[in-house]
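Taken from TrEMBL as is:
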ACT_SITE  Asp94  active site
ACT_SITE  Asp313  active site
DOMAIN    76-432  domain 'Peptidase A1'
SIGNAL    1-23  signal peptide
Amino acid sequence: MNLTTPTISLLFTFFLTISTVAANHGVFNVKYKFADDQQRSLSVLKAHDYRRQMSLITGVDLPLGGTGRPDSVGLYYAKIGIGTPSKDYYLQVDTGTDMMWVNCIQCKECPTRSNLGMDLTLYNIKDSSSGKLVPCDQEVCKEINGGLLTGCTRNTNDSCPYLEIYGDGSSTAGYFVKDVVLFDQVSGDLKTDSANGSVIFGCGARQSGDLSYTNEEALDGILGFGKANYSMISQLSSSGKVKKKFAHCLNGVNGGGIFAIGHVVQPKVNTTPLLPDQPHYSVNMTAVQVGHTFLNLTTDASDQNDKKGTIIDSGTTLAYLPDGIYQPLVYKIISQQPDLKVQTLHDEYTCFQYSGSVDDGFPNVTFYFESGLSLKVYPHDYLFLSEGFWCIGWQNSGMQSRDSKNMTLLGDLVLSNKLVFYDLENQVIGWTEYNCSSSIKVRDERTGTVHLVGSHLISSSYAQNTNLVTILFPIVLLLMLFY
């Protein structure tokens, strides 16, 4: 999270306000988010990606919906149950964000409706018999806020506040609670039973920008699967409920897919080491190939990759490359067809008209990583149709902001139609091309039994009432229980 300088004084004022509010009140179905008209969705998903760059997360069947195509909805989200009795919430599933948070009842700026076809719910701790406030002296509060908050002691009984301000000015602020999250536990091949676990998450009391009621494609919050100790995967692991391993397979063709916590044994994947001391899932990229040609990486691009690595992020729609990679890569793509008339759509997308098969007419792009792992991106992945034009999904990170000048960030444009496996216990990540509408096999660590987990595809009411190809599907969270 990058906080602006004027934020510091605001932070302390907000902390006092939220602590008072919280004390007085006592206080996975994934869908591609941007399902509005195409022109609006293209600009919105770009703004969404920019905000993310400035902030850079026995089995369970978690409903998930979405498709990673920029010409469709643009974001994956899950349906989970929270509280006792349980209520449904729709949260963005995000490997680039650590914290889980939901909009709360005190919030005046929070969205209460969405054009995405689901009913939004404001969390109220009073409605849950299992909900509890998280005190400000807890370790999770110290970690998130960079130490013990001024004035916080064991005797104050103040709640733990949070504030995140993103690069586009959007913000979420509130306090932390602990409550039961409900899952569907995998009990056999394509079978589930009910299960739950207690999780600390943010209760959003103030939202602004794209996170407020002004956003017509709003969600209830974010489900963070990042590396921090307070992410969903880290909390479940530290409580002994899961191994710190998970995988996703996002279907970029028809929507839907699988998101599984546990050890995936089929398909098998090759892996590359995660870079140490990095806040995100970052790896060392060694080469880029366009067609049969390897690009000569500039010194700036190579140096930046050595320091920060290439970020793998399922919550980003497009893919962002430093100028030293972006310019020669796009040139190689366009030069395959010398007669193309290239133009810019919506002031940011390089587009052209082409009547043939894009897979026959344009080159594959392959990224190479440490330990010999490669990632191939096909023309039908990085090109998308908009207003009768084929547009290039690769973006120049140097054009986004000064801070992201040399950033390499691979989002759903690259990750869709691949099984991506995160093994945090061994600090590696890997992937393989896969049919994400099929099934995977995950091992039960208690018994050694291998369970078959299938993908899900559920149509949303919004898609049924429009001509948009918008899919709502369950994400499969395979949660291996050890107690």
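Every residue, even glycine, has its Cβ placed from backbone N, Cα and C.
Remember, predicted model here, so these are calculated numbers, not experimental data.
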Cβ packing number for Asp313 (active site), 10 Å threshold: 28
Asp94 (active site) versus Asp313 (active site) - Cα distance in angstrom: 7
Three-state secondary structure, Asp313 (active site) (per DSSP): coil
Number of other Cβ atoms within 10 Å of the Cβ of Asp94 (active site) across all protein chains: 26
For Asp94 (active site), the three-state class that DSSP assigns: strand
